[in-house]
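Here the structure is laid out as structure tokens; the discussion comes afterwards.
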Amino acid sequence: MRVTSSKHCLGPNVYPEVPDGGWGWAVAVAFFLVEVCTYGTIKSLGVFLQDLMEEFGESNSRVSWVISICVFIFTFTAPLSTLLSNRFGYRPVVMMGGFLISLGTIISAFTNSINEMYFTIGIISGLGYCLTFLPTVTILAQYFSRRRALVTSVASSGESFAIFAFAPALTALKQHIGWRYCLVILGTIQASVIGCGLLLCPIIIEPQIVKEDEELDKDSLSLKQLQTVYELENEQTRTSISSGASRSSEDSGVKSLSASNVDLGTAGAETKALIECEVQDKEGQEPCPVKKDEVELAETEAGPLKPSSPKLLDFSVLKDAAFIWYSLFGLFATLGFFAPQLYIIELSKSRGVEPGMASYMLSVMAVAEIFGRLSIGVVLNKVRCRKTLVLLGCVVLLCLVLVGFTIVWEFWGLVVCCAVYGYFLGTVGSTHIPMLAEEDVVGIQKMASSVGVYVCIQSFAGLAGPPLGGVLVDVTKNYGAAFYSCAVGMGLSAICLALVGPAKSGMCQRNQRRKEKGKSIEEEGKTLQDSDQTDFLEVDLAPEDSPAGRTVAQDASLI
């Protein structure tokens, strides 16, 4: 399927169409590992919540700021990630992000206060997460079209595998070597993202020209050639009728028509020469000598059909009403993405679950999340309706499950809530960013510029979510209170997501009406122009003995 092979191993892959595979499978593997080292690690840091509180003597809300600052920097600097990727390419940006993630996590093991962790994990690692995640998910969406939802869902399950493995492993490991050495091990694992950056080969789509299309173009070109020559000859014939009279009276006010006879003849010759050259180029013959300046002038007037260079940073998507509502959906939904994983272990302990068993709640969430990510990919590949409606159903059910955490008190009830929450979190978490590439939202053409703005808008909820839950816990002395804010945010996100479809339909209808109005105005303008030109030629080409000719002669003598 590949048309042009890259000149060197780091060059782009060129395809005639979106491959739905090829090197995209290697990019999918890279995205799986990036998910392990980004979202998977962030959501596993709840294992160290109690240790950090005891080590530094801080409250829940103070420790929660470590996660919230990290998530905020992760999402707020998304436009920066988009800008750097468009300027320097995906590879160097992701490799630099992997280095920052590993550096921030390892340095955190040697901090002496929670304020220092705000800088190491919150800012350094948070910036690394941003530079790593967004370029990877963007280029993965470009390699797939029909299978995009399925492949993205499967690749994003790396987050769930990481939570499933890290939660019990880190809980057991920190009892032997302490939480500080656990962070060193995590930072070493995250250094593998640097290698993942090498797999992000850029993609270029260059459609092949089919021979049948060439023949059709050639036939249409010949028809256009005949029509052009006919029009030029007809114009010259009509103009030559009055050429003698106009030359004898140069001051009659019709001087431009006498000169136009020569200009039209020259234009006709040049046009014929250009047409012959085009035919020779089509047939593979030797090119004829045509003046370069004339060709460049024609291209300047007509406007060459060349792809425009992508903008480094494009905020024009903020004019799209559907994108605005979808961004508000992501803003409120983020309130329920991080707080449950951060507080579920402590919630289980407060409800009588043993500490060793409480850590497995994250593992239950992770396993269910894997099934959610896989199933939503299959469903979105087969549904006929708008994919945003499927996402809306998952968000509503996710809101109901968050309410369930606040009323369940026994072990098995918490296990069921964790399983259901993990399942629907997987359906929403794996699709809300790739859904931007669907025509229901902005489309694949605007995906690269809109993803940075979308994630940036999410950042404010990521900053407020964990601390808000921590404040509610400190005030009420009940870890279940943290889930109330998550449920409220998820409910608001469902309302915003429901408004995306009507906003998109209304915008399409307005654009259609504008196009129809523009076409009608253009047709009216052409009709008026043709009628004016016809009247002018009728007067100009009238014989001298006719009433119209005598009128023109009298006017000329008066002048």
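Glycine residues also receive a Cβ, built from the backbone N, Cα and C atoms like all the rest.
Note that the structure is a prediction, hence the values are computed from the model and not measured.
According to TrEMBL, the feature compositional bias 'Basic and acidic residues' maps to 518-529.
Among the features that TrEMBL reports, domain 'Major facilitator superfamily (MFS) profile' is placed at 24-505.
Taken from TrEMBL, the feature region 'Disordered' covers 237-257 (among others).
Annotation source TrEMBL lists region 'Disordered' at 511-536 (among others).
Sequence-remote contacts of a segment are chain residues at least 6 beyond its ends whose Cβ falls under 8 Å from one of its Cβ atoms, and for the transmembrane segment (21-42) they are 1-2, 13, 15, 67, 70-71, 74, 94, 98, 101, 105, 129, 132-133, 136-137, 139-140, 143-144, 147, 151-152, 154-163, 166, 186, 189-190, 192-193, 196-197, 199-201, 203, 338, 429. The annotation transmembrane segment is assigned in TrEMBL to 21-42 (among others).
Distant neighbours of the transmembrane segment (62-81): 38, 42, 45-46, 49, 52-53, 56, 93, 97, 114, 117-118, 121-123, 125-127, 129-131, 133-135, 313, 334, 338, 342, 451-456, 458-460, 462-467, 469-470; these residues of the same chain sit at least 6 beyond its ends, with a Cβ under 8 Å from one of its Cβ atoms. The transmembrane segment annotation in TrEMBL covers 62-81 (among others).
Packing against the transmembrane segment (93-111) from elsewhere in the chain are residues 34, 37-38, 41, 81, 84-85, 117, 120-121, 123-133, 135-136, 180-181, 183-184, 186-188, 190-198, 200: each is 6 or more residues past its ends and has a CB under 8 Å from a CB in it. As annotated by TrEMBL, transmembrane segment applies to 93-111 (among others).
Same-chain residues lying 6 or more positions outside the transmembrane segment (117-137) and placing a CB less than 8 Å from one of its CB atoms are 27, 30-31, 34-35, 37-39, 42, 45, 52, 65-66, 69-75, 77-78, 80-82, 84-85, 90, 93-94, 96-105, 107-108, 111, 152, 193, 196-197, 200, 433-434, 451-452, 455. The transmembrane segment annotation in TrEMBL covers 117-137 (among others).
Beyond the transmembrane segment (149-171), the same-chain residues lying 6 or more positions past its ends with a Cβ under 8 Å from any Cβ of the stretch are 24, 28-29, 31-41, 43-44, 47-48, 137, 140-141, 182, 186, 341, 356, 359-360, 362-363, 365-367, 369-370, 373-374, 376-378, 380-381, 387, 422, 426, 429-431, 434. Marked as transmembrane segment by TrEMBL: 149-171 (among others).
What TrEMBL records for 177-201 (among others) is transmembrane segment.
Among the features that TrEMBL reports, transmembrane segment is placed at 323-345 (among others). Only residues 6 or more beyond the boundaries of the transmembrane segment (323-345), in the same chain, are considered here, and those with a CB under 8 A from a CB of the stretch are 42-47, 49, 64, 67-68, 71, 75, 163, 317, 358-359, 361-362, 365, 388, 395, 398-399, 402, 405, 418, 421, 425, 428-429, 432, 435-436, 441-442, 450, 453-455, 457-458, 460-462, 464-466, 468-469, 473, 479, 482-483, 485-490, 492-494, 496-497, 499-500, 503.
The annotation transmembrane segment is assigned in TrEMBL to 357-376 (among others). Beyond the transmembrane segment (357-376), the same-chain residues lying 6 or more positions past its ends with a Cβ under 8 Å from any Cβ of the stretch are 43-44, 46-47, 149, 153-154, 156-157, 159-164, 167-168, 171, 340-341, 344-346, 348-349, 390, 394, 411, 414-415, 418-427, 429-431.
Taken from TrEMBL, the feature transmembrane segment applies to 388-405 (among others). Counting only same-chain residues 6+ beyond the ends of the transmembrane segment (388-405), those with a CB under 8 A from a CB of the stretch are 326, 329, 333, 336, 340, 347, 376, 379-380, 414, 417, 420-421, 424-425, 427-428, 431-432, 435, 438, 440-441, 480, 483, 486-487, 490-491, 493-494, 497-498, 500-501.
Summarising the annotation, TrEMBL assigns transmembrane segment to 411-430 (among others).
For the transmembrane segment (451-469), the residues of the chain that approach it from at least six positions outside its boundaries are 61, 64-65, 67-69, 71-83, 130, 134, 137-138, 313, 315, 317-318, 323, 326-328, 330-339, 342-343, 433, 436, 481-483, 485-486, 489, judged by C-beta separation under 8 angstroms. What TrEMBL records for 451-469 (among others) is transmembrane segment.
Here the transmembrane segment (481-503) has long-range neighbours at 321-322, 324-326, 328-336, 339-340, 342-343, 347, 386, 388-389, 391-392, 395-396, 398-399, 402-403, 405-406, 440-441, 461, 465, 468-470, 472-473, 475, meaning same-chain residues at least 6 beyond its ends whose C-beta is under 8 angstroms from one of its own. Positions annotated as transmembrane segment by TrEMBL: 481-503 (among others).
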Cβ contacts under 8 Å made by the transmembrane segment (177-201) with residues that lie 6+ beyond its boundaries: 6, 10-13, 23, 26-27, 29-30, 33-34, 36-37, 41, 48, 51-52, 55, 90-95, 97-99, 101-106, 108-110, 132, 135-136, 139, 166, 170
